[in-house]
């Protein structure tokens, strides 16, 4: 009998502190109108001093586990995507495991920048399909605010903090229909966060996110268009078969371009970038959780998730919820 994975539960967490565009305009030369026109972002959530990637992940994970009616001790695997880990090592997944009081399963991190959740979901799906796991917790969690240069208007306007999670469980019919992941390291210098501990990258200036925005935008739009075609073709589906697009929340113009490629009206696209900014690997599970909980996404509907980020790394997941 074939084995598949399905999403059994979702969860999400956003910090209480909110920074608006007007707040940023008091610090750098910008305005609410300028930011909204170029990005679609109006506000973003910022982690408190005592919040970390693992603490936010715990809240989102407990919500997802409760929604799935699964005890943490019944998990076979924890996969956590982040570019802002609590520590270089051990993995933030291990720290989350400790917070959940679990000892019996493996736990590890995935680092694929803004595409991290898709990469983690793909790995989890493979574990379940191969019969090596029955229940997997997949998390995206980020504290981007601690890697942002708050005096650089090109990046400080973009990023927010938060965590999202899903529980995957084995099923006899496809939930996850396919996943597709790709990377091309030749673009590494267009979007990156240096490691201060690495040789030659230890200056104070290099401890913040660096991005060549216009170049990233061009590649992202073209690349996401191609992965939409790849995903539909592999599954023998037409654009009209997709009920919902849940994209990485980087920029409303990129999101709109992908929706246009799918011939989807924006009413069938889950958009959170206006209220949350770019939460990197957390953005897709946060958006998915919101749309599930408010009733927009219903059981049996077909959902396309897609993401693009530093590396470059990009990917998609097609699923029947």
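A Cβ is built for glycine as well, from the same backbone N, Cα and C atoms used for every other residue.
Feature annotation from Swiss-Prot assigns active site to 114 (among others); the stated evidence is sequence analysis. Of all Cβ atoms in the shown protein chains, 31 besides its own fall within 10 Å of the Cβ of residue 114 (active site). DSSP assigns residue 114 (active site) to a helix.
Here Swiss-Prot flags 248 (among others) as active site. Shown in sequence order, 114, 115, 278, 283, 284, 306, 307, 308, 309 are the residues of the chain, 6+ apart in sequence, with a C-beta less than 8 angstroms from the C-beta of residue 248 (active site).
The predicted model assigns the region 'ACP-binding' (249-253) a mean pLDDT of 98. The feature region 'ACP-binding' is assigned by Swiss-Prot to 249-253.
Residues or ranges marked as active site by Swiss-Prot: 278 (among others). Of all Cβ atoms in the shown protein chains, 23 besides its own fall within 10 Å of the Cβ of residue 278 (active site).
With helix defined as DSSP H, G or I and strand as E or B, the region 'ACP-binding' (249-253) counts 2 helix, 0 strand, 3 coil.
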